[in-house]
Amino acid sequence: LSEVSKHVVHAQCIIITGAGISVSGGIPDFSSSDGLYSIIKIQYPGIFHSGKDLFDIDLLQIHESIKAFYYFMGLLKWLIVNATPMATHFFLKKLADIKKLKRVYTQNIDNLEELVGLNVDWQLKKVKHCQALVIQLHGTMAILRCSACTKTYSFATQYCDNFKRGEAPNCPKCQKKEDARIKLGK
């Protein structure tokens with residue numbers, strides 16, 4: 001550790017992270033024997049043959065697969081909401097505070113870096129001018145996108161129960177349109 005400290009003093013750090021930094025904070029990894037894919041396979045046996053199947057568009061056209069995917073989303077969001085940042089997250093923040101952190105590239109979608117105060121960006125609208133310290137390569141569980149109208153909205157914890165029942169919550173924008181149609185008698 002002292003050797004690492006000597007190098008950090010004279011460096012600008014670019015760090016690449018994955019699920020391992022969040023596991024001890026309460027979020028299982030995806031592929032271990034007690035990971036998220038295993039939990040889904042137990043809850044929905046025979047639906048998925050591998051973890052990759054959860055994100056296979058062809059399987060997400062089958063009712064039971066869709067329910068399993070929604071359950072997965074609700075479970076993962078619930079785990080994220082109840083997770084806590086760990087030593088590595090605080091180390092990243094410390095590097096940022098002492099102006100030694102250039103960028104973090106993470107596969108994680110849990111936003112724990114943001115909880116410790118790091119600037120996070122997952123949309124990368126302006127890659128050349130990106131000011132975010134943390135780039136979430138696989139997106140985030142902080143935002144939902146409606147599959148009908150493509151509007152994005154916050155993934156509030158109140159939606160976890162819908163997802164864990166195997167149902168998508170109503171999109172606020174689409175719900176307003178539907179309410180207006182009903183009001184007009186349509």
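Going from the start of the chain as shown, residues are counted 1 onward.
Quick reminder: no glycine exception, Cβ is built from N, Cα and C everywhere.
TrEMBL entries are annotated by machine, without manual review.
Noted in TrEMBL for the protein shown:
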- His138: active site, proton acceptor (ACT_SITE)
- Cys146, Cys149, Cys171, Cys174: Zn(2+) binding site (BINDING)
- 1-186: domain 'Deacetylase sirtuin-type' (DOMAIN)
- 68-92: transmembrane segment (TRANSMEM)
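Separating the Cα atoms of Cys149 (Zn(2+) binding site) and His138 (active site, proton acceptor) is a whole-number distance of 21 Å. In the structure shown, across all protein chains, Cys146 is the one of the binding-site residues Cys146, Cys149 with the greatest number of other Cβ atoms within 10 Å. Residues Cys146, Cys149, Cys171, Cys174 make up the record's Zn(2+) site, and a Cβ search at 8 Å around their centroid adds Ser147, Ala148, Thr150, Lys151, Asn170, Pro172, Lys173, Gln175 from the same chain. Summary for the binding-site residues Cys171, Cys174: the Cβ-based neighbour count within 10 Å is maximal at Cys171. Note on the domain 'Deacetylase sirtuin-type' (1-186): mean pLDDT across this stretch is 88.
All chains included, 10 other C-beta atoms sit within 10 angstroms of the C-beta of the residue listed as 'active site, proton acceptor'. For the pair formed by Cys171 (Zn(2+) binding site) and the residue listed as 'active site, proton acceptor', distance between Cα atoms is given as 22 Å, rounded to the nearest Å. In this structure the C-alpha atoms belonging to Cys174 (Zn(2+) binding site) and His138 (active site, proton acceptor) are separated by 26 Å.
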